[in-house]
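Novice: Before I ask anything, here is the structure I am working with.
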Amino acid sequence: MLLSCATGSEQFLGSEAIATYATAKAVILPIPYEATTTYRKGCETGPAAVITASQQLEAYDEELKRETCLEVGIYTHDAIADTRQQPQLSAEEMLAVTTATVSRLIADDKFVVAVGGEHAITTGVVQAYRQALSEPFTVVQIDAHGDMRFEYEGSHHNHACVMRRVLEMGLPTLPVGIRAICREEAELIAKQQIPVVWDRDIAGDPNWIEKAIAKISTEKVFLTIDVDGIDPALIPGVGTPEPGGLSWHQTLGFLRRLFQTHQVIGCDVMELAPISDSVVSEFTTAKLIYKLIGYQFTA
């Protein structure tokens, strides 16, 4: 099946990194969908901002000592489920389109990085992997919030409910960096014994990464990152900011170890809501995505 490729100006890392779909090992999938955000709006503009910012990144990674984009091949897919355009999709339609698109990419053996957009999108992405794989996998969640409400503001597909939908798929989860939950979520965590890595426990514990990794019970993991899980001093452009969060090097240290110890089957990066007259949020997010691809394809 012929898939749509973004042009050079819409390509992650710019024209230098353009790869054909056939040769690329990694695919950036922009999903600029926003319907249920409840505080700052604007995450539907996040994917485009990240792609624009990525064109200012160095292709050479000083940590990995390679030009990841040239060695791996990164293909940027056309955006799907774009709420900036009419007619807008319902949440159910968005999830169906997302699952179908990611399923095609999985079938073609691509490493997918979905870029949102609101966190509700993750349900559709994870569903594609759930359908494709016979064995279980853990969903590792970097986030400020639990996102485990049964419903919120009348919707079961609210961004505050995404991890509840994942749990309902029968998948284990590892929430990392959590520092804001409601009573309902606290009771669910206790009842299901969800192994939360609290933000407060990360601070000051030099062994937190190994302790967190030890909580993962499956060989394969899917990684979902809500960028509000990271210190808002680094990524202030989020919908619902929370004090605290992972530092840049805490984030990379955890991710590097996760990719070393487990098979990461795919990932998404969600909830960037750009701030006018500031590019730090989208640039940091773009660099984070480039690191994910680099870690995936480093022996």
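Heads up, the Cβ atoms here are built off N, Cα and C, so glycines get one too.
Positions annotated as Mn(2+) binding site by TrEMBL: His119, Asp143, His145, Asp147, Asp226, Asp228.
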Novice: In sequence order, what residues of the same chain, 6+ apart, have a Cβ less than 8 Å from the Cβ of His119 (Mn(2+) binding site)?
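Specialist: Once residues fewer than 6 apart are set aside, His119 (Mn(2+) binding site) is near Asp143, Asp147, His159, Val162, Thr224, Asp226, Met270, Glu271.
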Novice: So which other residues, same chain and not among His119, Asp143, His145, Asp147, Asp226, Asp228, have a Cβ within 8 Å of the centroid of the Cβ atoms at the Mn(2+) site?
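Specialist: What remains near the Cβ centre is Gln141, Ala144, Gly146, His159, Val162, Gly229, Thr240, Met270, Glu271.
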Novice: Hey, does DSSP put Asp147 (Mn(2+) binding site) in a helix, a strand, or just coil?
Specialist: coil
Novice: Under a three-state reading of DSSP, tell me whether Asp228 (Mn(2+) binding site) is helix, strand or coil.
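Specialist: It is helical.
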Novice: Around the C-beta of His145 (Mn(2+) binding site), how many further C-beta atoms are within 10 angstroms, looking at every protein chain?
Specialist: 26
Novice: If one looks at the chain holding Asp228 (Mn(2+) binding site), which residues at least 6 apart in sequence have a CB under 8 angstroms from its CB?
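Specialist: Long-range Cβ contacts: Asp143, Ala144, His145, Ile235, Val238, Gly239, Thr240, Pro241, Glu242, Gly245, Glu271.
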